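Below is one structure, written out as structure tokens, with a few remarks after it.
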Amino acid sequence: MLCTPRVQLFPSRFGSTMFTVTAHSSKAAADRVLLPATCRPPGMVRSPRIARGARSKLLCNVIAASLLYGGMQLARQAKNAAGDVFVLPPRAGPATINFHAPEGSTIASTANLAKSIVGAGVLSLPCGAAKVFDAAEQGGYDHVSSIAFLLLLYAVFGGLNAGGFYLIGEVCERTGARTYQEAWNKTLGDRLEWLPSAASLVCSFTGMVACISVLGDTTSELASFLSQAFVAKEILISGISTFVLFPLCMLPSLSPLAFASVLGLAGVCILAFVMTIRYLDGSYAPGGAFYSDARAAVDGLSQVAIHGTGDSLQGVFFQQLIIFAAVLSNAFTAHFNAPAIFNELEPRINASGTSSRLPEFTIVTLAAFLLSGLVFSTITIAGVETFGISGGPSILTSYSSADPLTWVAKIGLGLCVLFEFPLLERCFRKTVVELFKVPEVVEQNSVTVVASIAAAVALACMPNFGLDKSSAIGGALGASFLVYVAPALMALQLRKAESGASGAEDAEDADAEARKMLLRGVAALGSVLGGLGMAEAMQP
């Protein structure tokens, strides 16, 4: 049974008075004061700081060094590409717009895919992971086991996402499809052809909301820091939407904004490096340079710690796990770009003498998802170890405004989402027009642009609807279908069609039935994650 929070006041080094949240359950009457992971007194820490730091710092050092080098190399390769691989949501005809990179470069294709994966959604990962982490520790797991469990989640969902991405490329190889919608139609026909469009619609809209949330947080903090006065985030969002986002969305061509993805990849890699540095140097630990000024040290106390016994803890853990799975699925999503990535590769002659893009596509998929997983896991571990459960829905808002190093990451990601928003808005607008069979002239109407921007702004400004919730809803409703369900269904239908054409089942292939069972399991997993993730994400 979930507990009821109780608010108390006590003197604090952060000001004259500080709020604390204590929790009671019907079976446990002891109060528990919620403090950020870095500012709990030694007696209240669940596990020794030294034991936590020794393993985590070593892990962060290794990962940070690898991803910084790899990320910068890929960003440099991507910058040299002719354009960004950005695929608009499914269109019914051959008018699908692609920004293709030149054929041939596996490294450039890997960079294109990596910068399609990483983005603003990574900022919500530490918050979701911290809730799973806290629930696991409350359930009796030690700190090292909880960290290992988080890394296992990244490995599992990263592998599932990479597998779904590969399946789409395999369908394109067998059918000659050049878009996601075409791959769906060539394998499953016209039945339920609106599903990919609807899923892409959800992903693009929640991506717009995420961009607005990040822009609002960044500009509000910057304005407050410069003016030393509070500035309402809603006012800043309205101004940016009117005078910056609207003109960008009205551009006849979005090709000049292709550099935004390169900026995003570099910005996220810099963010991971900065977060690792700040964790290792102890700037936000007790006695650190920014400990007393960290926003998370105060704002984090409004969160309610997980407290309970038995079935209640298991229920909370399951709830947070489902929500985090949706957020993680949304973070890894780039699957609508799979046909474009596949078709930009040069065919290779294999051992049987036939040409195929799949070997190169496999290398690109593994390298890009591995790099993205390293970036995501580094940001998650550094955020959880620095702030614990007190980290905000967007991890950047947890860092001090007086920290000059984090401003590099904040400004870089702010510019990234500023130029990413028009790309997502164009996706959303075109999909709405095509999905609901609206005349195409409506798409370019300024009133339509205003309506789409206003819808995203309205949702982003809703109370208790932050970056974490928009990412969870996008992952549950959109990403679960595009990543797990649709690729598995297309692959199953393709194998069924090939077996029917040959006139016999794959009796000679002992693993054929096992692969079919695996694909059915992935499709079922996507359906369950989508349904449960949406139900849990909508909980207050």
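Quick reminder: no glycine exception, Cβ is built from N, Cα and C everywhere.
Over in TrEMBL, the protein carries these features:
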TRANSMEM  58-75  transmembrane segment
DOMAIN    104-499  domain 'Amino acid transporter transmembrane'
TRANSMEM  147-168  transmembrane segment
TRANSMEM  194-215  transmembrane segment
TRANSMEM  235-251  transmembrane segment
TRANSMEM  258-280  transmembrane segment
TRANSMEM  321-342  transmembrane segment
TRANSMEM  363-384  transmembrane segment
TRANSMEM  404-424  transmembrane segment
TRANSMEM  445-466  transmembrane segment
TRANSMEM  472-492  transmembrane segment
Criterion met for the transmembrane segment (321-342) and the transmembrane segment (235-251) (at least three Cβ pairs under 8 Å): no
Interface check, the transmembrane segment (363-384) with the transmembrane segment (235-251), three or more C-beta pairs under 8 A: no
Cβ contacts the transmembrane segment (404-424)/the transmembrane segment (147-168), at least three under 8 Å, sequence gap 6 or more: no
Chain residues outside the transmembrane segment (235-251) and at least six past its termini with a C-beta under 8 angstroms from it: 212, 215-216, 219-220, 223, 257, 418-419, 421-422, 425-426, 446, 449-450, 452-454, 457, 460-461
